[in-house]
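Note sheet for the following structure.
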């Protein structure tokens, strides 16, 4: 019996139940109740069963109790600071991240009388000084909760140990070093690697190499195409430092030092690398497992993968029980569990099939490499797919192929990438030469990711509920076949074929249904707007932006279209260039082929989006057409648009384009952000039809949705695209006017995506 496995899983299960289901007030009572159950368990059970029951009960009790104690000692005191402005003594934990007009840094509060917790500090006023890890200073901070964002509860920050957020309210003072500042030297080393990498690697691969070497993905977020390709192709983990990277590092140590010396010297190297990369869940897990593997021969013990894995889990949860909710932890441990439990069986099955009953037949190294890659991918995917689907809303179908094609290149880029960095620190030209060579496997990885992600149905998206049910079916069928296996063992071929067949049926059904679809959908993009109008083979989007949400509007729109088998649309029309209507355009253009981009002429670019949009449109070969002076009436099959030219010379909202989308007898009017004065001018200067759907202007502002407009269009339904905001949208005044005209109102913040179907197709 693996005692540590039982204890760790029970502790983790208790932490998960505490986090997701139980109120804080019952945790200690339940912990005590579990301890009381130890008495009957000790009296009624015998031998192994008694020991297992006692371990499970005690560990679960400790898990409940520690979660409750952590909440009382750290979470509750931190929450009490939210809404207060204080000058606090705090220690800098890492170098600040800087972008245009923005900077952020992580601090640990060390003020007497305040909780010693981590805080994420943001600066939008250019007040952030040059800081180093280990610096101590007096920071004037305006605290806000880390347990809530965009008007709803979140565990994104707390699962990473960040229990407070704050805005920098003034200049930091008395910046100094103290006796503990030297403990931050791993972050100094990481910054040294970062600086050297920028010197030795060509510019086009710098972002990728920084992610690969030290897990710094800040640059990747600006490369929308590569970032998305890595995710969709299933190899995003290569730029999130994990056990794979530590395995590469250990392999190099074994090659250079021999196995015994590597076991001795490797532990401090692995631990140092773990702190350099920020002690993320995946790295800590790998560090614990590798350390136990290296120490096992020295201690004359046999290493056990499952025990090592659970030891890492227990360490992380003792440090922060809220980390049970971290997607990185869930993915890392589920992937490794699959590799430990399932991969050897898959490899053995493949080996038996390829040998065809001949035990003496020797398979060549290339075949064994392919078998290892396939079995590892299947093992990890079997356990991580539900987590990815729940957390990120997609499942990569091409992932095994991508991993197989790129694993060797990832190993080479990581190993020789560090060689280039070390040589660059000694002699820059030599490091640059090696860096130039290393850039080629990095480019190969990027090429594979982009090429495979671009294939039809390389990924499927859970925004299509049929995909969710398909996933449930797959796990049910495999589980049932495993339970009903006979003496000859589990036979995976039948459930695999059933899964492939049902997926094909789901995709073909969705594709056929979409090609008969005629509808307008107002997508839930938070406080913003993105409207999809589809009519058979044709589709257009009106606006693509949003705020007050975790998801970028471009990703939301792209996944909506891709889930319906649409990799291209005819047009994207932007009413104006406010961020809440256009900040997702670049991400959309990198994922979906757009035929024509319509922009208002002479539009104000106060949010600085126009340059990036035009550059991205040029790269993607999207035609740009400006709307101004005269109305435009493009038609795409049965979908006819009327783009009303900007009617006023006021602010940016008033100079917006208004869009009328018509499909046969069905018409929808999308108002953008224009105000009542522009609405009245539209009514006076244009002959508006009666419309079925009104997409309400300016998210339900009281300055839009005038009586004159409502009377002229005689709408049946109104859709308000709105999310968390501080403006009071939708306002009572706008809702009252809609009610007076007996228009049925739907809101994206309450109803999610709003779809109104026309009757022109079947």
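Cβ atoms here come from the backbone N, Cα and C positions, even for glycine.
Heads up, TrEMBL stuff is auto-annotated, nobody curated it.
TrEMBL lists transmembrane segment for one of the ranges 235-257, 442-464, 534-556, namely 235-257. Record note: among 26-45, 86-105, 26-45 is the stretch given as transmembrane segment by TrEMBL.
In TrEMBL, the feature transmembrane segment is placed on 496-513, out of the ranges 208-225, 496-513, 514-531. In TrEMBL, the transmembrane segment annotation falls on 311-344 of the listed ranges 107-140, 141-174, 311-344. Beyond the ends of the transmembrane segment (496-513), by six or more residues, the same chain brings 457, 460, 464, 466-467, 470, 473-474, 477-478, 563-565 to within a C-beta distance below 8 angstroms of the stretch. Recorded stretches compared: 235-257, 365-395, 407-430; the one with the most Cβ pairs under 8 Å to the transmembrane segment (466-484) is 365-395. Long-range Cβ contacts of the transmembrane segment (365-395) within its own chain (Cβ-Cβ under 8 Å, at least 6 residues beyond either end) map to 231-232, 327, 330-331, 334-339, 341-344, 346-347, 350-351, 354, 403-404, 407, 459-463, 467-468, 471, 475, 559. Put simply, of 26-45, 54-76, 269-299, 311-344, 407-430, the stretch with the most CB pairs closer than 8 A to the transmembrane segment (235-257) is 269-299.
Remote same-chain residues near the transmembrane segment (54-76) are listed as 3, 6-8, 10-15, 17-19, 22, 24, 27-28, 30-32, 34-35, 37-38, 41-42, 115, 117, 147, 158, 163, 317-318, 320-322 (criterion: CB distance under 8 Å, separation of at least six residues from the stretch ends). Below 8 angstroms of C-beta separation, residues 94, 186-187, 189-190, 193, 214-215, 237, 240-243, 245-247, 249-250, 253, 259-260, 262-263, 305, 307-309, 311-313, 315-316, 323, 326, 328-329, 331-333, 336 of the same chain, each at least six residues beyond the ends of the transmembrane segment (269-299), sit close to that stretch.
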